[in-house]
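Asker: Have a look at the structure that comes next, please.
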Amino acid sequence: MNIILLGPPGAGKGTQATNICNKYSIPQISTGDMLRVAVKVGTPLGIEAKKIMDSGGLVSDNIIINLVKERIQHSDCKNGFLFDGFPRTITQAEALRKDSVKINFVIEIQVPDQEIIARMSGRRTHLKSGRTYHITYNQPKVEGIDDITGEKLVQRSDDSENTVRSRLDIYHNQTQPLVNYYQSWMDKDSNAPKYAAAIGIGTLDEVKDRIYNSLISYD
């Protein structure tokens with residue numbers, strides 16, 4: 001089973017990706033991880049990508065697509081794979097299609113922006129340990145204080161409301177065209193990837209079940 005998983009920051013995509021990968025015995029593949037491994041190992045594509053990154057440039061879609069095609073030939077992809085954060089653009093999606101990289105499902109975890117903002121801007125962190133709390137869902141025993149050390153909790157800059165809103169704007173600008181692309185393809189071609197939206201509100205198990213039901217309904 002070959003899956004593309006989409007979802008905004010704070011939607012719980014990482015947790016659900018792990019659940020899907022465990023259920024179907026497939027690897028979770030992100031372009032960031034692929035780039036790091038290729039650069040570390042020193043593959044031809046990795047060397048090429050490193051030169052570009054060292055000069056401050058952006059790695060081209062062509063290199064990314066070739067890394068993806070190389071990665072999915074590995075033995076751990078025999079049952080399929082899950083793309084996390086890829087494709088990001090219509091160009092990348094069309095390159096996958098042109099190169100006949102089979103995708104069975106495109107699953108989008110949908111969470112309203114206000115819920116995402118509440119989830120992320122409510123986080124409070126103990127910087128030394130990395131322990132994370134939430135002002136609503138996982139409160140410390142004493143407001144603003146780490147349970148273990150008694151030290152002050154902080155809101156990381158990444159979790160500020162303005163930063164979260166900015167990240168959501170970027171996500172929507174990137175993702176909505178992709179969703180439209182896959183929906184349009186599915187409407188025209190019975191062999192196209194099946195697109196489904198799963199509401200990402202509720203318990204982790206409730207969201208997991210919605211995703212599994214989407215996959216089963218098209219199986």
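The backbone N, Cα and C atoms fix where each Cβ goes, glycine too.
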Asker: Of the ranges 30-59, 180-209, which one does Swiss-Prot flag as region 'NMP'?
Answerer: 30-59
Asker: Using Cβ atoms only, which residues of the same chain lie under 8 Å from Arg123 (ATP binding site) while being at least 6 residues apart in sequence?
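Answerer: Counting only residues 6 or more apart in sequence, the Cβ neighbours of Arg123 (ATP binding site) under 8 Å are Thr132, Tyr133, His134, Gln155, Arg156, Asp159.
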Asker: Name the residues of the same chain, 6+ apart in sequence, whose Cβ is under 8 Å from the Cβ of Thr31 (AMP binding site)?
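Answerer: Thr31 (AMP binding site) has long-range Cβ partners Ile64, Leu67, Val68, Gly85, Phe86.
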Asker: In the structure shown, with every protein chain counted, which of the binding-site residues Arg88, Arg156 has the densest set of Cβ atoms within 10 angstroms of its Cβ?
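Answerer: Its Cβ has the most other Cβ atoms within 10 Å: Arg88.
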Asker: What is the nearest of the binding-site residues Gly57, Val59, Arg88 to Gly10 (ATP binding site), using the Cα of each?
Answerer: Arg88
